[in-house]
Amino acid sequence: MGEEERLPTHGEEAPESEVRSILYSPVHWFKMLARELHWSFVFGVVSVYGVSQGLGGALARVGTQFYMKDVQKVQPSEAQVYAGITSLPWIVKPLWGILTDVVPISGYHRRPYFVFAGSLGIISMLFLSLHPGLHIVLALLSLTASSASVAIADVTIDACVAQKSGLHHSLAADMQSLCSLSSSIGALVGFSLSGIFVHLIGPQGVYGLLTIPAGLVFVVGILLKEQCVSVFAYEQISQNLANAGKAMWRTLKCPDVWRPCLYMFLSFSLGLNVSEGMFYWVTDSPSGPSFSKQIIGYIMAIGSVGSLLGAILYQYGLKDYPFRDLLFWAQILSCLSGMLDLALVLRWNLWLGVPDFVFVVVDASVSQMIGRFKWMPLLVLSSKMCPPGIEGTFFALLMSIDNAGLLTSSWLGGLLLHVLNVTRTEFRNMWLAILIRNVLRIAPLFLLFLVPRTDPSSSILSDDVDNTKEAVEAREDPDNVELVALVDRKDGGG
């Protein structure tokens, strides 16, 4: 007799169905966001966060590190300071934000700023790539202009995200997850290719490639769906700016706003940045691993996987936990992960029989994942502290506070490297710089009382800040990516 055929039972179909459901859930999630928030908004988020900041930022980071070290031949402490200088456009993000909120161009609040940002990025990157032997001042000006390009695009898409968070409270965490996933995936691809490109075409060749992400930002400005402002009195811009200032000041006086802002600034400032010293140590120190350009790119690429895992874990397991609890554990893990750098510099990994490449990859992955754990709840918290009508301006202000903390961290880290005499050829005190950094990472634990205990689904702003007639009317139109024009506000106070 032949073998009898048997139909699969329900229990045998279940595992296959569950696997298929798991595989397709990201696709369904992405399509849901495109349906609820409009595809052009999702395209803008992926383009700005994923391609411009993720992929482009990865290429720019590795390219600039080797550009400063091999082309400009600066010291680690100088490179740390220069990195802070080029980040200055991120400190003035409220300027870009308030312009997008109150100064429409040709009837649009968002699209022209994407076009301008893309054009500025293309010009600055072409200038760097086509002019060999640039003086350090001109190089810094070009890098700062490129940073301004990314910052303007960032604050413009942030305004859209903040406004959408006000329209769709239940999707606020999902939107931040989309931003982080896009950034992490883009960084993974960018870091994977960065070392190869730097090796093949040099840092200036990489700058030439960076015109492509800037060009995509330009395209976002063309395609983004936005309601046109048919009538706008430009002579009332000064009054609009005054109204925005009043709204920002009224919101900042709220204890549930200024206290988290103070925490964000101090927590970032106290985490001293000595990454340039570590970069010089792993590439130039005789006692270090002497990694090549390709290896540096691969390490950062694998490290970005940790960032991607952090975003995924937050989306599927942590996004509903209270802000204070997540930040507590993120800071604890950050203190512990910092010890991996110390173990590497003191060569304890070799004593344990762990190769440098494996140890550095683990270090980078863990650090990136923990950094994402800390950054995600802060982004969600910031988006919920934005008053209606000036979402772009206020979210930019909050991000500038974070960036001011990062700038302070970078400059204090450069000062620490200078004081400890960590140079291109002298790394004897590098371990001490890392130890001081790790000790200071404990301090933010004593500042967590400044962060609200609420969870991401709760409202942060009080009724006197959040409850306006215009805000309600704006939230009734889910397809409108234009923020409420301050000129139309009847209270005069923003």
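Every residue gets a Cβ built from N, Cα and C, even glycine.
Annotation comment: TrEMBL describes 37-60, 113-130, 136-157, 178-200, 206-224, 262-283, 295-314, 326-346, 394-418, 430-451 as transmembrane segment.
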Top Cβ-contact partner of the transmembrane segment (37-60) among 136-157, 178-200, 262-283 (pairs under 8 Å):
178-200
With pairs 6 or more apart in sequence, are the transmembrane segment (394-418) and the transmembrane segment (178-200) linked by at least 3 Cβ pairs under 8 Å?
no
I'd like to know if the transmembrane segment (206-224) touches the transmembrane segment (430-451) in this structure, counting it as a touch only when three or more C-beta pairs sit under 8 Å and are separated by 6 or more positions.
no
Taking 113-130, 206-224, 262-283, 326-346 as candidates, which has the most Cβ pairs under 8 Å with the transmembrane segment (295-314)?
262-283
Residues from the same chain, set at least six apart from the ends of the transmembrane segment (262-283), whose C-beta lies under 8 A from its own:
65, 69, 76-77, 79-80, 83, 289-291, 296, 327, 331, 334, 341, 345, 360, 378, 382, 398, 401-402, 404-406, 408-410, 412-414, 416-417, 422, 424, 427, 430, 433-434, 436-437, 440-441, 443-444, 447-448, 450-451
